[in-house]
Amino acid sequence: MATLLYVLHVLGAVLWVGGMAFALFALRPAAHEALEAPQRLALMLGVFRRFFRVLWHVVPIILLTGWTMLGFWYWGFGASIWHVHVMHGTGLLMAGIFVAVALGPFRAMRAALAAGDRAKAAAALDRIRKGVALNLALGLLTVAIAAWGRFGG
Ligand code: HEM
């Protein structure tokens, strides 16, 4: 059981962090090169709509498996496992940023595009990009700390 939770937890982290890296390092620059603003905005809205729909499932799985492992393996939150405590903090921060971006700028972008206001949609997209970039940095840090704490001591 604990192994299954661990596998689900790590797969969730791979999807979340890997998806953000792909969006920022590959998709976004390629869309800038190949597309004019209206097509680019429509593409990025579709990309984030699908990616965020996946994350609404993946993020709770990461948090729930993390909390359950903490209970099963380490007998609660008081245990001295520094890397899991750091992961817990950055994980909660990342989840909060995701929810804020999905309910804030993402919705604003969708509404602006529906109303034909491209400038407003572009400004909202930029806020989404900043939130995703921050979460990518936190996600990479979290994975590095998790791996370091487990194998590096
Ligand atoms: C509520 C938040 C979280 C909790 C309570 C939590 C808890 C845990 C626990 C208990 C383990 C097993 C640790 C071990 O056996 O050494 C683990 C492993 C791991 N977690 Fe998390 N986690 C959380 C969020 C995250 C997030 C957001 C990510 C990445 C984006 C992440 C990535 C990993 C990775 C890569 C491992 C495997 C390396 C390792 O075992 O240390 N975790 N987590």
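Quick reminder: no glycine exception, Cβ is built from N, Cα and C everywhere.
As written in TrEMBL, here are the features:
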- 47-148: domain 'Copper resistance protein D' (DOMAIN)
- 6-27: transmembrane segment (TRANSMEM)
- 54-75: transmembrane segment (TRANSMEM)
- 81-103: transmembrane segment (TRANSMEM)
- 132-151: transmembrane segment (TRANSMEM)
- Could you tell me what the rest of the chain brings near the transmembrane segment (81-103), counting residues at least six beyond its ends with Cβ under 8 Å? 16, 52, 55-56, 59, 62-63, 66, 70, 74, 127-128, 131-132, 134-135, 138-139, 141-142, 145-146, 148-150
- Note on the structure: Using DSSP three-state counts, the residues of the domain 'Copper resistance protein D' (47-148) come to 91 helix, 0 strand, 11 coil
- Averaged over the domain 'Copper resistance protein D' (47-148), the pLDDT of the predicted model comes to 95
